[in-house]
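Novice: The structure is given below, and queries will be raised subsequently.
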Amino acid sequence: MQGFEDENRIITSTMKMEDIDIENSLRPKTLEDYLGQEKSKEQLSIFIEAAKSRNEQLDHVLLYGPPGLGKTTLASIIANEMGVNLRITSGPAIERAGDLAAILTNLNENDVLFIDEIHRINRSVEEVLYPAMEDFCLDIIIGKGPSARSIRLDLPKFTLIGATTRAGMLTNPLRDRFGVICKLDYYTVDELSKIVLRSSSILDAEIQSNGALELAKRSRGTPRIANRLLKRVRDFAQVRADGKITDKVAKDALELLGVDSLGLDFVDEKLLMTIIEKFRGGPVGLDTLAASIGEDRNTIEDVYEPYLLQLGFINRGPRGRVAMPLAYEHLKIPYPNEK
């Protein structure tokens, strides 16, 4: 679930309506054009080439990691590299076993089915998915009561690509049915800088390398955020500058948007200040913290915390969340001696 404040943040890593058109236009079509995630790219390249040489479908693939790192893009690339169709859906959208059956029976041989947020799939639907993934068949119950009978439908061989931000919530039987598992990590500043330069070329936005670097530093390791910031800074450059994005133009634009040098904004600051001021630096439990800042616990856990953990600003322990010395330093607050 996405919180209200997160929906309105320019640096949220979750998908916003404004992202759809720009992401489609900027999305790479091949693994060669896909920047970053080198280990996952190498693995997928080998497995795709092997499957194509044997004229087989690719093994089922699980992509996991924080939102905005390119899981949907990778699924699209895999289908493109395999030369097959891509069908996209999500865990919450498949409410009943019949919904899944309708999707699976309409696939062609070797097609790719991409299920986003697969950790949110209904358990009864998941049980129907097991034989579909393993034996490429569908068990359907016809009728009710004593006259009910089961029939087995053969399915075309297909590749399921599941994407999740919470791999730990997948059941073991489901996780075990994925032959290829790829963890997507936050991008480096250098990788994001290259992505910004590539995107600016496609969008016909004039940008200097130091301007791209400034955007990359504030993009929270996430390409989706980098592209969104580029779009906003391009507008700023056209109105307030000569249309060229330099490091100064990027800094001025992002300061106006409330994005600091590390990519943090008012929501991050509120979360950190709540831990530091209300709870003396922690530890504080997740539910208590969520109530204190008026946010959903899942939004805190999935959207806010991962980047703060990456920066070393907070720590998650058995007793709750604790603000670390780096957070105090960034907020220019003296670190208490007793800690």
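Every residue, even glycine, has its Cβ placed from backbone N, Cα and C.
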Novice: Looking at ATP binding as recorded in Swiss-Prot, which candidate out of Arg123, Arg177, Arg232, Arg234 goes with Leu26, Arg27, Gly68, Lys71, Thr72, Thr73, Glu134, Asp135, Phe136, Tyr187, Arg224?
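Specialist: The one candidate that Swiss-Prot places in that ATP site: Arg177.
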Novice: How many neighbouring Cβ atoms, not counting its own, are there within 10 Å of the Cβ of Gly68 (ATP binding site)?
Specialist: 29
Novice: For a three-state summary based on DSSP, what are the helix, strand and coil counts in the region 'Head domain (RuvB-H)' (261-339)?
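Specialist: Going through the region 'Head domain (RuvB-H)' (261-339) residue by residue, I get 42 helix, 9 strand, 28 coil.
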Novice: Restricting to the region 'Large ATPase domain (RuvB-L)' (1-187), what is the model's mean pLDDT?
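Specialist: Across the region 'Large ATPase domain (RuvB-L)' (1-187), the average pLDDT comes out at 88.
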Novice: Could you give me the DSSP helix, strand and coil counts for the region 'Small ATPAse domain (RuvB-S)' (188-258)?
Specialist: 51 helix, 2 strand, 18 coil
